[in-house]
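*Asks:* Got a structure for you, questions after.
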Amino acid sequence: MPMQGAQRRLLGSLNSTPTATPNLGLAANHTGAPCLEVSIPDGLFLSLGLVSLVENVLVVAAIAKNRNLHSPMYCFICCLALSDLLVSGSNMLETAVILLLEAGALATRASVVQQLQNTIDVLTCSSMLCSLCFLGAIAVDRYVSIFYALRYHSIVTLPRARRAIAAIWVASVLSSTLFIAYCDHAAVLLCLVVFFLAMLVLMAVLYVHMLARACQHAQGITRLHKRQLPAHQGFGLRGAATLTILLGIFFLCWGPFFLHLMLVVLCPQHLTCSCIFKNFKVFLTLIICNTIIDPLIYAFRSQELCRTLKEVLLCSW
């Protein structure tokens, strides 16, 4: 497969447009109009991927080591870390292969490169879908633990969690294979966009409802102890800020990528859209950043997991 410049990506199935030149500034589109291009150096991209890789490997190792962390909630967190690991790993592999091909250090036939491209595309797409699914699964798990606290352990059992996890992985791999095989069809890209929006709405509805319940609970405690109302208001503000950060990070990191896919369908030849297409690698970098942030939000806030992580690190030395 011929390479088209230093930033040519193997992930061509989801990006039918050229990527950015190695600078930050104004570049011209095909009509000569200026476009703002933001280039992500390969070194920075690989470094972020490596940080994500190490971070998520530690999460998986810590959960696997401690049997106390083998509950459904931590199973979902472990699978989120594993899918994030695959997202960063597949993108790192793709970038490394591109650099080796362009340097002439990896000589192979075009058919082999094409097969490698298809494999990486399926791996990347399926791991992205899994990451989104497990973010939704964690939200559902927390929702059930709050609204059905007394029946939580009978509703969210370990066998059910394992079946849900297996279903997510199988469905993601199968759908990704179909998506990559029929990536030229607009319906495929629209399905991905709709899936992202569905996950965003699901998480927003569940977390907003959980925040409302938490505020009601805090208000009840305030009345019981005859404390002043500002304490409840302060709790509500902190909860709203936490919710805004959680959903904001999710939308900021994933939104641009799916906006790109939507624009590929809606305005592939429009001047403004063509300028946005040039920043495709930036959108992938934001997803890599999300794989770095996810453990900080969902895993490292657990004291039990952090203690196990310290044990893992001490044993490795």
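Even glycines carry a Cβ here, placed using N, Cα and C.
So Swiss-Prot lists these for the protein:
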- 1-37: topological domain 'Extracellular' (TOPO_DOM)
- N29: N-linked glycosylation site (CARBOHYD)
- 38-63: transmembrane segment (TRANSMEM)
- 64-72: topological domain 'Cytoplasmic' (TOPO_DOM)
- 73-93: transmembrane segment (TRANSMEM)
- 94-118: topological domain 'Extracellular' (TOPO_DOM)
- 119-140: transmembrane segment (TRANSMEM)
- 141-163: topological domain 'Cytoplasmic' (TOPO_DOM)
- 164-183: transmembrane segment (TRANSMEM)
- 184-191: topological domain 'Extracellular' (TOPO_DOM)
- 192-211: transmembrane segment (TRANSMEM)
- 212-240: topological domain 'Cytoplasmic' (TOPO_DOM)
- 241-266: transmembrane segment (TRANSMEM)
- 267-279: topological domain 'Extracellular' (TOPO_DOM)
- 280-300: transmembrane segment (TRANSMEM)
- 301-317: topological domain 'Cytoplasmic' (TOPO_DOM)
- C315: S-palmitoyl cysteine (LIPID)
*Asks:* Please list the DSSP helix, strand and coil residue counts for the topological domain 'Extracellular' (184-191).
*Replies:* 6 helix, 0 strand, 2 coil
*Asks:* Please list the DSSP helix, strand and coil residue counts for the topological domain 'Cytoplasmic' (301-317).
*Replies:* 14 helix, 0 strand, 3 coil
*Asks:* Calculate the per-residue pLDDT averaged over the topological domain 'Extracellular' (1-37) and state the result as an integer.
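*Replies:* Taking every residue of the topological domain 'Extracellular' (1-37) together, the mean pLDDT is 45.
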*Asks:* Is the number of Cβ-Cβ pairs under 8 Å between the transmembrane segment (280-300) and the transmembrane segment (38-63) three or more, considering only pairs separated by 6 or more positions?
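*Replies:* Yes, the transmembrane segment (280-300) contacts the transmembrane segment (38-63).
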*Asks:* Restricting to the same chain and to residues at least six past its boundaries, which positions have a Cβ under 8 Å from a Cβ of the topological domain 'Cytoplasmic' (64-72)?
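*Replies:* Cβ under 8 Å, 6 or more out: 78, 141, 156-158, 160-161, 302, 304-305, 308, 311-312.
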*Asks:* Determine which residues of the chain contact the transmembrane segment (73-93) at the Cβ level, with the cut-off under 8 Å and only residues 6 or more beyond its ends counted.
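*Replies:* Those are 11, 45-46, 48-50, 52-53, 56-57, 59-60, 63-64, 120, 123-124, 126-128, 130-131, 134-135, 137-138, 141-142, 145, 156, 158, 161-162, 165, 168-169, 284, 287-288, 290-291, 294-295, 298-299, 302, 305, in sequence order.
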*Asks:* Who are the long-range neighbours of the topological domain 'Extracellular' (184-191) in its own chain, taking Cβ under 8 Å and residues 6 or more past its ends?
*Replies:* 14, 178, 261-262, 264-265
*Asks:* Could you tell me how many residues in the topological domain 'Cytoplasmic' (64-72) are helical, how many are strand and how many are coil under DSSP?
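*Replies:* Summed over the topological domain 'Cytoplasmic' (64-72), the classes give 6 helix, 0 strand, 3 coil.
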*Asks:* DSSP on the topological domain 'Cytoplasmic' (141-163): how many residues come out helix, how many strand, how many coil?
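*Replies:* Tallying H, G and I as helix, E and B as strand, the rest coil: 20 helix, 0 strand, 3 coil.
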*Asks:* Please give me the CB contact count at 10 A for the residue listed as 'S-palmitoyl cysteine', counting all chains in the structure.
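*Replies:* Result for the residue listed as 'S-palmitoyl cysteine': 9 neighbouring Cβ atoms inside 10 Å.
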